[in-house]
Amino acid sequence: MDNNGRGDDRVENGFNPEEDDRKKEMKEAEMSVEQIFESQEVPSWRKQLTMRAFAVSFVLSILFSFIVMKLNLTTGIIPSLNVSAGLLGFFFVKTWTKMLEKSGLLKQPFTRQENTVIQTCVVASSGIAFSGGFGSYLFGMSERIAQQSGDTRGVKNPSLGWIIGFLFVVSFLGLFSVVPLRKIMVIDFRLTYPSGTATAHLINSFHTPQGAKLAKKQVKTLGKFFSFSFLWGFFQWFYTAEETCGFFNFPTLGLKAYENKFFFDFSATYVGVGMICPYIINISVLLGGILSWGVMWPLIETRKGDWYPADVSSSNMHGLQGYKVFIAIAMILGDGLYNFFKVLSRTLIGLFHQIRGRQALPIANQPSPDTSKKLSYDDQRRTQLFLKDQIPTWFSVAGYVTIAVISTIVLPHIFHELKWYYILVLYAFAPTLAFCNAYGCGLTDWSLASTYGKLAIFTIGAWAGSHGGVLAGLAACGVMMNIVSTASDLMQDFKTGYLTLASPRSMFISQVIGTAMGCIVSPCVFWLFYKAFDDLGLPNSQYPAPFAVVYRNMSLLGVQGFSALPKNCLVLCYVFFGAAILINLVKDRVGKKWGSYIPLPMAMAIPFYIGSYFAIDMCVGSLILFVWEKINKAKADAFGPAVASGLICGDGIWTLPSSILALAGVKPPICMKFLSRATNARVDKFLGS
């Protein structure tokens, strides 16, 4: 209130701004989403694709590629980063436009459609860091991983040139394979695509006045924890002048537990991952670590000299390492195949009911007779705009055929073991598998890209046999994974675009540009890791790349058969393969309520090879979130993802300066040993054995 008392006059005369805001919010709460945005003009698809959107997308794609790459090379657990991408995209462009607005230079306001374009581009780019196989099939081709597998046949060491070329010829096929199905999936079948729907609701909420206020607070929280995580990463690096010193080697649970990979390694990344992942995943990972490193490996080690030669090291594939890798493979395959057939059966049943109800399968680019009947205002508006900007079917077919021909010619020059007829067979089945993965993902939110990749490993590997089958299987895995992964990602983005009124054309172009960014950014990020860390991929290193060993041994298994397994390992593999299927069956039979308490075999298998230290970090994250929810659930729900994203992003981006310092030969100044000299000698001996 000023000295003239005008503040009181405004309240008395009904001009209380707080009361007006409350009334406005109550009015908006009664309106549907599209009624709230009714007064805003939807920009054309060309105006949705702005230079500022792609500039922000490029910066964020570098950030997220570092995060995904670090997770790939440590444990292979990649949480959904869509929320972080949408939130940071909103923050950067909103800040940009506010500055321009104050200076009077703003020509185009920031819209939810542009926000959707940014999120799509960033997720498409960082997705290549996963589907590119830098922590799995692609790195599994290297000599470093081959030596751990005990078979150096079929080796192709990483090189920036061929990796970028490989990704460019295989990463776009999935996009063209499902474009004609966008109307069928989104409008006719009305598939939910839970992640795409959740992202759309998030972006829609950001662009309402109330949502913008919350988003501003969330970004501020993310920034605080980003700074803390980044500085904590620097602080940890400062005390790690040697391999066996620093916080990563702190025996928090005692020496015996440390020797068996049970310790808290003070990783902000995995505390954040634990806050994002469901509780059951974190508990499953911890249970898997206890079962393997707490029970099985110590027991199998007592059979040294009987089950496997006593003179081989623990890292030899014909020793204890073989049991760690192949039993993990058995669980992963059991879980993957069960879910593959479950999703496939649901896909076929869903298709049967859809077709039976319509008497015919809908055709892309043709109006559906019943889409205009009994639709809400929101659905009518969304359907109208979704069908407005068509992508011709001939364009997608021509694009697929053209890229397939180029790829069939180029790939055998990159991988001599991958014959042209193997590639033709893959491309003949790829559109069908891409459709199945995209449809199944719409029903269940599960992308089974890695499962399709494993099927390609065994199929092509066995077909090629001893004549380059290992490398051919891994390369075929890459081809298939990239196709089916990008197909489901694009359909998720079409669903997000449908709910935010973003044009299908802008979604497709954004996905293409994001994929192109990823084909360059992700290999460069991997190359930085590869050159900076000489021990990348080794079992006891900071970046062990566990799935690279797993994928290579899958390929070996496909070529050599069961002769690659140590004594009694096959029996144990059968047991754990069957147990994975049985656990999933029980989980599905008891229903959603009780099934949520049954552990996930896939998550249990992850620590079998690398240990439980990251599981402890993740459980700490779960505990923090659990206590926070008990104290204030509303605040935990609103700010939990922002805190987790800040922890992951800060620690993830610290790997950039740490990698540059390692390349420059700059070592941390201090080695902080937490153990006595005698104890350190014991640990060093254990780690070196």
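Cβ atoms here come from the backbone N, Cα and C positions, even for glycine.
Note that the coordinates shown come from a computational prediction; the quantities given were computed from them, not determined experimentally.
Feature annotation from TrEMBL assigns region 'Disordered' to 1-28.
Look at TrEMBL and you will find 1-12 tagged as compositional bias 'Basic and acidic residues'.
What TrEMBL lists as transmembrane segment is 53-71 (among others).
What TrEMBL records for 77-96 (among others) is transmembrane segment. Using a Cβ-Cβ cut-off under 8 Å and counting only residues 6 or more beyond its ends in the same chain, the transmembrane segment (77-96) has close neighbours at 52-53, 56-57, 59-60, 63-64, 67-68, 71, 110, 114-115, 118-119, 122-123, 126, 130, 195, 198-199, 202-203, 206, 212, 215, 218-219, 222, 273, 276-277, 281, 285, 603, 606, 614, 618, 641-642, 645, 648-649.
Positions annotated as transmembrane segment by TrEMBL: 117-139 (among others).
Among the features that TrEMBL reports, transmembrane segment is placed at 159-181 (among others).
Feature annotation from TrEMBL assigns transmembrane segment to 279-300 (among others). With a cut-off of 8 Å between Cβ atoms, the residues of this chain six or more beyond the transmembrane segment (279-300) that come close are 77, 260-262, 307, 320, 323-324, 327, 596-601, 603-608, 611-612, 614-616, 618-619, 621-622, 626.
What TrEMBL lists as transmembrane segment is 320-341 (among others).
Per TrEMBL, transmembrane segment is recorded for 391-414 (among others).
Sequence annotations record features per position, and here TrEMBL assigns transmembrane segment to 420-443 (among others).
Marked as transmembrane segment by TrEMBL: 455-488 (among others). Residues 124, 127, 130-133, 136-138, 140-141, 151, 153-156, 166-167, 170-175, 177-178, 340, 407, 411, 414-419, 422-423, 426, 430, 433-435, 437-438, 441, 447-449, 511, 515, 551-552, 554-559 of the same chain lie 6 or more positions beyond the ends of the transmembrane segment (455-488) yet place their CB under 8 Å from a CB of it.
Feature annotation from TrEMBL assigns transmembrane segment to 508-530 (among others). If you look at the transmembrane segment (508-530), the same-chain residues 6 or more away from its ends with a CB under 8 A from one of its CBs are 49, 54, 57-58, 61-62, 65-66, 69, 73, 117, 120-129, 132, 134, 158, 160, 163-164, 167-168, 171-172, 175, 179, 391, 486, 489-490, 493, 536, 543, 655-656, 659-660, 663.
Per TrEMBL, transmembrane segment is recorded for 569-586 (among others). Beyond the ends of the transmembrane segment (569-586), by six or more residues, the same chain brings 322-323, 326-327, 329-335, 337-339, 342, 562, 595, 598-599, 601-602, 605 to within a C-beta distance below 8 angstroms of the stretch.
Here TrEMBL flags 606-628 (among others) as transmembrane segment.
As a quick check, the transmembrane segment (391-414) and the transmembrane segment (606-628) miss the bar of 3 or more Cβ pairs under 8 A, pairs 6 or more apart, so the two do not touch.
Note on the transmembrane segment (420-443): residues 173-174, 177-178, 181, 185, 189, 191-193, 343-344, 346-347, 350-351, 400, 404, 407-409, 411-412, 449, 452, 456, 460, 463-464, 472, 476, 479-480, 483-485, 487-488, 490-492, 495 of its chain, located 6 or more positions outside it, place their CB under 8 angstroms from a CB of the stretch.
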